Amino acid sequence: MEQSKPSTLEMERSSGGAKFKMPVDSDHKATEFWLFSFAKPHMRAFHLSWFSFFCCFVSSFAAPPLLPVIRDNLSLTATDIGNAGIASVSGAVFARLAMGTACDLVGPRLASATLILITTPAVYCSAIINSATGFLLVRFFTGFSLASFVSTQFWMSSMFSPPKVGRANGFAGGWGNLGGGATQLIMPLVYELIKKIGSTHFIAWRIAFFIPGVMQTGSAIALLLFGQDMPDGNYKQLHKSGTKHKDDFASVFKHAVSNYRGWITALTYGYCFGVELTIDNIIAQYFYDRFSVNISKAGTIAASFGLANIISRPGGGFLSDYLSQKFGMRGRLWGLWVVQTLGGVFCLTLGRTNSLGASIVVLLLFSFFCQAACGLTFGVVPFISRRSLGLISGMTGGGGNVGAVLTQLIFFHNSKYSTEDGIFYMGIMIIACTLPVTLIHFPQWGGILRGPISGRTAENYYQSEWSHHEQQKGYDTASIRFAENSVREGGPRATGSSHSKHTVPVDTSPANV
């Protein structure tokens, strides 16, 4: 005989004995964000996720700051360099889709660690290449590691409650993206240090690649040893105990590809994160060639773009949560559209700025708005789907890589456009491809152009991903709890409080964690 579906409150009571170091909602997701805490499992997952993604970014973009030396050693042409740059971000398009599905099925911890370990050999092989083809291949396979971004965002969305998910995703993604700036500093410094020890410059750049290789290997091992998929445990044990329904690929795929909102965020993310990837590939060489600065100074300027992530992407996440508190989901969407459009304006301005000092200032402004838009995007993504959260995250993240590939193919692949003209036209593309954000509409919360549909609720929206039979078995319980904890997304009229209505007591305070 079929069992009746347990209510959310019954589920909460049955797990009421669980204690966490942080306050949590009915889904055991943290309702606070203690940035400098390592509280298990929420903040430990945060630090493991951003650091592993940081290491992948360092590896994937270790080559660009050393290009003036590498191109001389390997006799690379401008086309060779352009092809390798495209290869570095193209592989991750499909890898991110696969990563999203893997997160839905086996959990973010195992999915991320496996990918990182598989791609690590390509980083070490960078030290032994001797041709343009070898250079392209190592950049292609190393770039697969950027799919760890998807597991980072999925993990944060699984660990933090709706009112805090924007800042959690913003910090995890932003601090991970810092690797794109850090590598612009790390690689030239390591290269110069190795030269001073006595190596020739054609050997020094090769030895330097062992640093990102070791970093990436260590981060994967840490994920396996110390990570945890969900607040209540790893996927394997949750599936075994029956606490979590083991979903099938067909259902996850169906509900992801049929949700138009995921396709729009994939497009718009292609022109914030995709642009960031493009800049990481071209900006050091751009300043080196256009303003005749030395390789170290060009690397420092380029690093400023990536290092802005320490505040810009988290700032976008904070802004998304703040706008949600004031205006609900419609505030999140308005914020995304305005900030990303301003990023496009600063991008095209950079392409028309002719002095070194002014270009650096505009670059910093551009970096802030471009990266903040990334944070704002993943303030919206967790609400698109619960059943297919991983694949929706993968579609959006993959869209970032598609945008990078297309932009580099169109504007930076050959001599048709100068680099400064390419940057200008890229700014126009950002503005145009951000417009579809205005089409995103949640029936229960509304969108930019119109408000919510009367009588529609978040429970209706998320339950629609489950069949009646699945609902009867209680498979949609987590989706219902998420809907209850997302009440703030309806705006100030929907609730008089910005806090989750479910909270489990904590056993310690931030000061003691």
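Counting begins at 1 with the first residue displayed.
Cβ atoms are placed via backbone N, Cα and C, with glycine included.
Note that the structure is predicted; figures quoted are calculated from it, not measured.
For 45-446, the entry in TrEMBL reads domain 'Major facilitator superfamily (MFS) profile'.
If you look up TrEMBL, you'll see 48-69 (among others) marked as transmembrane segment. With a threshold of 8 Å between CB atoms, the same-chain residues lying at least 6 positions outside the transmembrane segment (48-69) that come near it are 76, 81, 84-85, 88, 108, 112-113, 116, 119-120, 123, 126, 135, 139, 142-143, 145-146, 148-149, 151-152, 155-156, 171-173, 175-180, 182-188, 191, 201-202, 204-205, 208-209, 212-213, 215-216, 218-220, 222-223, 226-227, 280-282, 284-285, 288, 295, 298-299, 302, 306.
Residues 49, 52, 55-56, 59, 62-63, 74, 95, 99, 102-103, 135, 137-138, 141-142, 144-145, 147-148, 151-152, 155, 206-207, 209-210, 212-213, 216-217, 219-221, 223-224, 227, 229, 234-235 of the same chain sit 6 or more residues outside the transmembrane segment (110-129) yet have a Cβ under 8 Å from a Cβ within it. Per TrEMBL, transmembrane segment is recorded for 110-129 (among others).
Sequence-distant contacts of the transmembrane segment (135-156) (same chain, at least 6 residues past either end, Cβ-Cβ under 8 Å): 45-46, 49-50, 52-53, 56-57, 59-60, 63, 70, 74, 76, 80, 83-85, 87-92, 95-96, 98-100, 102-103, 108-109, 111-112, 115-116, 118-120, 122-123, 125-126, 129, 165, 168-169, 172-173, 176, 216, 229, 277, 378, 381-382, 389-390, 393-394, 397, 401. The annotation transmembrane segment is assigned in TrEMBL to 135-156 (among others).
Summarising the annotation, TrEMBL assigns transmembrane segment to 168-191 (among others).
Listed by sequence, the residues of this chain that lie at least six past the ends of the transmembrane segment (203-226) yet keep a Cβ under 8 A from its Cβ atoms are 44, 48, 51-52, 54-56, 58-59, 62, 66, 69-70, 73, 109-110, 112-113, 116-117, 119-120, 123-124, 126-128, 145, 183, 186-187, 190-192, 194-195. Positions annotated as transmembrane segment by TrEMBL: 203-226 (among others).
Within the chain, the transmembrane segment (333-351) has long-range Cβ neighbours (under 8 A, six or more residues past its boundaries) at 268, 271-272, 275, 316, 319-320, 323, 327, 359, 362-363, 365-366, 369-370, 372-373, 376-377, 379-380, 420-431, 434-435, 437-438, 440, 447-448. Summarising the annotation, TrEMBL assigns transmembrane segment to 333-351 (among others).
Annotated transmembrane segment per TrEMBL: 357-384 (among others), in sequence order. Sequence-distant contacts of the transmembrane segment (357-384), counting only residues of its own chain at least 6 positions beyond either end whose CB sits under 8 Å from a CB of the stretch, comprise 153, 157, 162, 165-166, 169-170, 173-174, 177, 259, 261-262, 265, 268-269, 272-273, 275-276, 279, 283, 287, 291, 301, 304-306, 308-309, 311-321, 324, 329, 332-333, 335-336, 339-340, 342-343, 346-347, 349-350, 392-393, 396, 400, 430, 434, 440, 442, 486, 489.
The transmembrane segment feature in TrEMBL is assigned to 391-411 (among others). Here the transmembrane segment (391-411) has long-range neighbours at 82, 85-86, 89-90, 92-94, 96-101, 103-104, 146-147, 149-150, 153-154, 157, 252-253, 256-257, 259, 262-263, 265-278, 281-282, 374, 377-378, 381, 384-385, 417, 421-423, 425-426, 429, 433, meaning same-chain residues at least 6 beyond its ends whose C-beta is under 8 angstroms from one of its own.
Beyond its flanks by at least six residues, the transmembrane segment (423-442) meets 261, 264-265, 267-268, 270-272, 275, 278, 286, 329, 333, 336-337, 340-341, 343-352, 370, 373, 380, 383, 403, 407, 410-411, 417, 448-450, 452, 461, 489 of its own chain at Cβ-Cβ distances under 8 Å. Residues or ranges marked as transmembrane segment in TrEMBL: 423-442 (among others).
Taken from TrEMBL, the feature region 'Disordered' applies to 488-513.
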In the domain 'Major facilitator superfamily (MFS) profile' (45-446), averaged pLDDT is 90
